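**Student:** Handing you this structure, nothing more for now.
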Amino acid sequence: MNFELTSAYKPTGDQPEAIAQLTEGVLEGVPAQTLLGVTGSGKTFTIANVIANINKPTLILSHNKTLAAQLYSEFKGFFPNNAVEYYVSYYDYYQPEAYLPSSDTYIEKDLAINDEIDKLRLAATSALLSGRKDVVVVSSVSCIYGMGNPSDFYNNVIEIERGRTINRNVFLRRLVDSLYMRNDIELNRGNFRVKGDTVDIYLAYSDNLLRVTFWGDEIDGIEEVDPVSGVTIAPFEAYKIYPANLFMTTKEATLRAIHEIEDDLTKQVAYFESIGKEYEAKRLYERVTYDMEMIRELGHCSGIENYSRYFDGRAAGTRPYCLLDFFPDDFLIVIDESHVSVPQIRAMYGGDRARKINLVEYGFRLPAAMDNRPLKFEEFESMAKQVIYVSATPADYELVQSEGIVVEQVIRPTGLLDPVIEVRPSLNQIDDLMEEIQIRIEKEERVLVTTLTKRMAEELTEYLLNNNVRCNYIHSDVDTLERVKIMDDLRQGVYDVLIGVNLLREGLDLPEVSLVAILDADKEGFLRSHRSLTQTAGRAARNVNGMVIMYADKITDSMRLTIDETNRRREKQLAYNEEHGITPQQIKKARNLSVFGNGAETEDTQKGTRAYVEPSSPNIAADPVVQYMSKAQLEKSMERTRKLMQEAAKKLEFIEAAQYRDELLKMEDLMKEKWPG
């Protein structure tokens, strides 16, 4: 089946050209391309069109679960008749196993698995192994973490067909081998029940039952059934039943693994004893021996993933299987916000290894535990045959990989332009800033001011307050929740000016802000680098009157790059607007986005054409898991979101904190709706 793009929107601006260039590059086998798209230019819609054109299975990689949920919702809307799947970490809570030698503290692994996300992960792998091409998997960095061998998973797929002869008991044993459990009383996901000649299977990757009826040893009927009402949804002539777990193995593989583990245990114990680590040798022997007894008796043990290399039959040091192994050879990877996502992929292996080294050196785990890991960055690169990097400010890595193939998308469907940038002398900069602030206050617009130090932010705030300017400051010393509230108060008009040091991060969306003032813009450093200045200037791009003032005594290379690039984009945007008779439209963003919002529409009053505008922030209802949560699960998720909000604010990631805050409000509303009182 081919991809079928369903949308009321038409490509506008430079979207058609971007779509054509990216499509041509993929079809010609170009290994890496970069889509440099400004905020609000409809990058997601462009990628959806490319996917429809190339008709290849596609992995969309996002750097966090919240944004992945938003992308999942958008692509689900674009491709309602195709397989759009969601693959993120299935842990509601996860405390990894660790050992701290300095305090002789061993931290045992603790976790809580979200059943709904587990279902969605299985649905993703099942869709990929079904052989269909029209599959989009939206994933977090979880896609590079170890999982079961796809060959073992596929070998346990049960293919059935009406009229085929198969002994019912043989069929039931095959279900058990695929890790389905018989439960004739309560039928839950991953279970099956038997009533006479009827076998009901609650598929592990679906919300429906599969009912298989026998006539003797012949399959008489196959149909999907609603698990609550029992009403038939659809009959089938043939069906593939995919396993109930991603980690499949056989009895033979288990026995072989136990033998190899015990051999390696003997060697490692002898090694510890040879270097005088008697206590570590004893600890390792006891722990591994206990694990082997558990595997022999029950088929599993706590921390069995640390023995995954033996079950997979891999050699020491080889990479684990991961989601990328479930894709066919010819597939596309799209890395969203690549300037953040790529460094995250690069960092995963190092963080995992640093934790496990202590576990191995102090006798808690065999050295094979080091092979239960995420992919190294080089391994990921070797598997990523075709990549599109998507970012407003791509890093040097993406540009080098793309070898100059950078597709620009700088025209916004709203007609909004990049802000005007002015450079003014730092002499009397505060007095000049005061005048500019008063102009904005009269227009009921907002101002952002960025300083170099916390002390400067506080002193400037005090000065402005003494001059009757409603303002506040944000930095790491301000209480976590208070920071998020201040951001919201700025939008609501409680404050007219917000002062900060590093508050102007990627994705900070404040349409009311028409002026961004950068003090000491000529002081080179990470806060005044080309990318930082570009991101900072972009905070004024959501307002029709957007303007940036850089206060400096000289123009640095970073300033020059930012100014030249912004002016180049403005010229292109202005020319397009004039050619097509478009008047820039101010974005009107509600304080809290609609729970069911899937994007915004803008009406070009001159042309009457509809254009797709990217949603300005993720919404929690986009996450397919939340609607199915029990009250206890929702309460736990709310507590986790609250902690994430606090952590994000602590790290000065205010846009993330605001997104988590919005999630929390939505979950509170959902709680009141489902369980009033």
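Glycine too: its Cβ is placed from the backbone N, Cα and C atoms.
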**Student:** Examine the ranges 90-113, 354-377, 378-401, 642-665 and name the one recorded by Swiss-Prot as motif 'Beta-hairpin'.
**Tutor:** 90-113
**Student:** So, by DSSP, how many helix, strand and coil residues make up the motif 'Beta-hairpin' (90-113)?
**Tutor:** 0 helix, 15 strand, 9 coil
**Student:** Name the residue among the binding-site residues Thr39, Ser41 whose Cβ has the smallest number of other Cβ atoms within 10 Å.
**Tutor:** Thr39
**Student:** Can you give me the same-chain residues 6 or more apart in sequence from Val38 (ATP binding site) with a CB-CB distance under 8 Å?
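**Tutor:** Set apart from Val38 (ATP binding site) by at least 6 residues yet with Cβ under 8 Å, we have Ala392, Gln409, Val410, Arg412, Asp418, Gly538, Ala541, Arg569.
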**Student:** Validating a neighbour-count step here. Other CB atoms within 10 A of the CB of Gly42 (ATP binding site): how many?
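**Tutor:** Step by step: centre on the Cβ of Gly42 (ATP binding site), count other Cβ atoms within 10 Å, giving 27.
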**Student:** What three-state secondary structure does DSSP assign to Gly37 (ATP binding site)?
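**Tutor:** Once the DSSP labels are grouped into three classes, Gly37 (ATP binding site) ends up as strand.
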**Student:** Could you tell me the mean pLDDT the prediction assigns to the domain 'Helicase C-terminal' (429-591)?
**Tutor:** 85
**Student:** For the domain 'UVR' (635-670), what does DSSP give as the number of helix, strand and coil residues?
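**Tutor:** Per DSSP, the residues of the domain 'UVR' (635-670) fall into 33 helix, 0 strand, 3 coil.
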